[in-house]
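Sequence annotations record features per position, and here Swiss-Prot assigns phosphoserine to 29, 63, 281, 412 based on experimental evidence. Look at Swiss-Prot and you will find 56, 272, 273, 305 tagged as substrate binding site. Taken from Swiss-Prot, the feature ATP binding site applies to 58, 59, 60, 61, 98, 184, supported by similarity to another entry. Residues or ranges marked as site 'Transition state stabilizer' in Swiss-Prot (evidence: similarity to another entry): 247. Residues or ranges marked as Mg(2+) binding site in Swiss-Prot: 249, 273.
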């Protein structure tokens, strides 16, 4: 029985834990954060071979010299196997609130019930102790109300605001035992803050990214649509093709999600800070909501933070972690991410291997027929975009014809993205002359980029046929196609950039 003929619950009830996973390529992309332990060509090649698609640089740490070495090593690793181009992502530090320095670098123990002062007075920036703690957000006394909670050090310390003493000082009560230390992060849940989208450091980091031709920006602590517009302005003309992926990690970002989604290229569900800003028990609800809205909009969405965290030190993940990865894929995530597992972990390659295999199992458990019908039913008609109309029709034809792949000839990557939106059960092979667009296509589930380097032929149709043939040749090497398989080809009607308006059924030769 086809998946479109049964309800979602019936489909799940029919799954088998001894599922025979077909020998298909994984469709969900994997982001790996690179740290000193993994920043070498040999390890990067191993990570790629295990399943890494995107190299992430965390600009909360490291010098420009270090990040330059990551870029250089990633490109060297990518060049060893052009069949699998690696994308490079720059993750901004973003606007943060931090405590000051303690006197002499000493840690000061504090107990539940203890009362102290939080101050924005610069005189205490390097004189924090168990009586006064400096906060570097000048407007904290203006935005926070008595009774609100302030978290410090990733939520390890919790304080309740008792009263506003004056324009620079808050009186707070300690909610749990702990210690006051230097330069710890501060979170203000349920409080709207007016921090700028980009610090001066972030702006310099973005310029570094533009100079080095990074493929995408993971923009931290995005709170409103205007933040995205500001980032685009800083990237400027030279960086206009860099994709912006907004990290949602606070209540403001969740509240303004729809307007952010309208202007961004994609979303990352950043569950670390989000789980401090909103109750941890509500994070999975926010995750499902954001993934669903991204799927409906046809924009890529990544799920991140603590996915296989135990593998930082252990050779095998916990069962809960594996379920977390699998369920993120079932929710509809286009990408899943590793952080400490690959920056400092003892088992980085094993972590990627587990993540890749779990994603493949989850993908094999999806009722593609009913999913396509559901996505098609959610589209507002008539479709305003000719390319999307063609993509929808092509996927429908692929189902009826039992085609084995969709070959997309693309300049911008937009057609492949729109095909991915409808979650076809077969791979999308994107053939493009633009290496950056090829690398960026890793943002979309089920898209396999092929870089075609030959110059255009004067005869448009001959050039089309040459690109299709090359795409099929590369698909053979990726074990996506066999000669004689039916394929759907999507192309434009004329040369150059424009709408994709033609699809045809043919045979891979």
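Yeah, the Cβs are placed from backbone N, Cα and C, and that goes for glycine too.
Note that the structure is predicted; figures quoted are calculated from it, not measured.
Where Swiss-Prot records a feature, it is marked here on the structure.
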residue	record	Cβ within 10 Å
29	phosphoserine	26
60	ATP binding site	14
61	ATP binding site	13
63	phosphoserine	8
98	ATP binding site	15
184	ATP binding site	20
272	substrate binding site	16
273	substrate binding site	23
305	substrate binding site	20
412	phosphoserine	16
Going by C-alpha positions, which of the binding-site residues (249, 273, 305) is nearest residue 98 (ATP binding site)?
273
Excluding its own, the Cβ atoms lying within 10 Å of the Cβ of residue 58 (ATP binding site) add up to 20
Let's check the environment of residue 59 (ATP binding site): how many other CB atoms sit within 10 Å of its CB?
22
Quick one: Cα separation, residue 29 (phosphoserine) versus residue 56 (substrate binding site), in Å?
13
Rounded to a whole number, what is the top Cα to Cα distance in Å among the residues the record ties to substrate, namely 56, 272, 273, 305?
18
Just to verify a number: CA distance, residue 56 (substrate binding site) to residue 247 (site 'Transition state stabilizer'), in angstrom, no decimals.
13
Are there residues of the same chain, six or more positions away from residue 247 (site 'Transition state stabilizer'), whose CB falls under 8 angstroms from its CB, and which are they?
91, 94, 218, 219, 220, 221, 222, 253, 267, 268, 270, 304
Between any two of 58, 59, 60, 61, 98, 184, the residues recorded as binding ATP, what is the biggest Cα to Cα distance in Å?
18
Highest Cβ count within 10 Å among the recorded positions 56, 249, 281: which residue is it?
249
Distance from residue 59 (ATP binding site) back to residue 273 (substrate binding site), taken between C-alpha atoms, in Å
16
In terms of DSSP three-state secondary structure, what is the assignment for residue 273 (substrate binding site)?
helix
Starting from residue 272 (substrate binding site), work out which of the recorded positions listed here (60, 249, 281) have their Cα within 10 Å, and give them in sequence order.
249
